[in-house]
Amino acid sequence: MTQVRFLQKIMVISSANSIAAVNSSDTRMAGCLLTGIPGLEHLHTWLSIPFCTMYIAALAGNGILICVILSQPSLHEPMYIFLLMLASADVLLSTSAMPKALANFWLGSRHISFDGCLTQMFFIHFLFVADSAVLLAMAFDRYVAICCPLRYATVLTSKVIGKIATATLTRSFSIMFPTIFLLKRLHYCRTNIIVHTFCEHMGIARLSCSDISINVWYGLAAALLSTGLDISLISVSYVHILRAVFHLPSQDARSKALGTCGSHVCVILLFYIPALFSVFAYRFGGRRIPRYVHILLANLYVVIPPMLNPIIYGVRTKQILEGAKQMFSNLAKESK
């Protein structure tokens, strides 16, 4: 009898372990389900209209901007090269998130594989950090142009621009690549439902039944040391720029410079505020902030700045407009 009971205990323990093993891999095997915007499911079709419109506008505006800068030799200057980098990052950022969100809104396509979710998460965060670095580079470009105009050509050489581009990509990759391993190490035995329209670091981590403290603090540290540092340096740059602007002798020059700086600052705020809200809300805001507010703002930071940047940095720049006219004129001549 004793031996029989002993064998029964072993069988129960082994079966429990096998069930736990299956449960721990359920999320990985089954993939993830993106709910969309909770509480607003009945409005998904209507919400898709402005999001789709903004996404198409972002693709069209940034696509034209990229073609104009590449096709016009007169625009191969530091300011426009940084603008080219920003437009490229914006196209990729919005494309990493919007197609899946629109498929969810229109077709109810909620499923995404676990590896696909990790890939989407990596590219959204990677491109956001890269976008932030490009905005910092553009602020530095304007600082040198306004505060040290005589040194502009010697400071921002093609070699320096190449190093800035390399540093931007290297920093973004170095910051975001560890998050893949931080998520891979976790055991997943809870629900596979992510309350969002796209995959984020903490959204995936909360599917786990493991301790995610490292994920929480690494994500927070990465946001503060990358984006937080960028915001601080951009602020310092614009403080110096505004000081220089107020010392301009001409009232018209001051008004024009303040208008340009003001529009740039508005776009920068629209980029950073929803993103930082998303970072802190996921970690500390939890139940006090309605989920639909959090998710709507998270979607806005991947589509509104990419839509507005071509207008603020492109349409309002005389050289870009002239370059666009020249490009379309050449295309019209070639078509004849």
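Heads up, the Cβ atoms here are built off N, Cα and C, so glycines get one too.
Keep in mind that TrEMBL annotations are predicted by a computer and have not been checked by a curator.
Residues annotated as domain 'G-protein coupled receptors family 1 profile' in TrEMBL: 61-313.
Long-range contacts of the transmembrane segment (46-68) within the same chain, counting only residues at least 6 positions beyond its ends with a Cβ under 8 Å from a Cβ of the stretch, are 37, 40, 75, 83-84, 87-88, 90-91, 94-95, 98, 101-102, 105-106, 299, 303-304, 306-307, 309-311, 313-314, 320, 323-324, 327. The transmembrane segment feature in TrEMBL is assigned to 46-68 (among others).
If you look up TrEMBL, you'll see 80-98 (among others) marked as transmembrane segment.
Residues or ranges marked as transmembrane segment by TrEMBL: 118-140 (among others). Residues 79, 82-83, 85-86, 89-90, 92-93, 96-97, 100, 112, 164, 167-169, 171-173, 175-177, 179-180, 183-184, 198-201, 203-204, 226-227, 230, 233-234, 237-238, 241, 268, 271-272, 275, 301-302, 305 of the same chain lie 6+ residues outside the transmembrane segment (118-140) yet bring a C-beta within less than 8 angstroms of a C-beta in it.
Annotation source TrEMBL lists transmembrane segment at 160-183 (among others). Same-chain residues lying 6 or more positions outside the transmembrane segment (160-183) and placing a CB less than 8 Å from one of its CB atoms are 78, 81-82, 85, 118, 121-122, 125-127, 129-130, 133-134, 137, 201, 204-205, 214-215, 218-219, 222, 225-226.
Annotation comment: TrEMBL describes 216-236 (among others) as transmembrane segment.
According to TrEMBL, the feature transmembrane segment maps to 257-280 (among others). Counting same-chain residues at least six beyond the ends of the transmembrane segment (257-280), those with a Cβ under 8 angstroms from any Cβ of the stretch are 128, 131-132, 135, 142, 146, 200, 219-220, 223, 227, 231, 234, 238, 241-242, 245, 248, 294, 297-298, 300-301, 304-305, 308-309, 312-313, 316.
Using a Cβ-Cβ cut-off under 8 Å and counting only residues 6 or more beyond its ends in the same chain, the transmembrane segment (292-315) has close neighbours at 37-40, 51, 54-55, 57-58, 61-62, 64-65, 68, 83, 86-87, 90-91, 93-94, 96-98, 101, 124, 128, 131, 195-198, 200, 263-264, 266-267, 270-271, 274-275, 277-278, 281-282, 285, 321. Among the features that TrEMBL reports, transmembrane segment is placed at 292-315 (among others).
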Remote residues contacting the transmembrane segment (216-236) - C-beta distance under 8 A, at least 6 residues beyond either end: 128-129, 132-133, 135-136, 139-140, 171-172, 175-176, 178-179, 182, 201-202, 205, 268, 272, 275-276, 279, 283
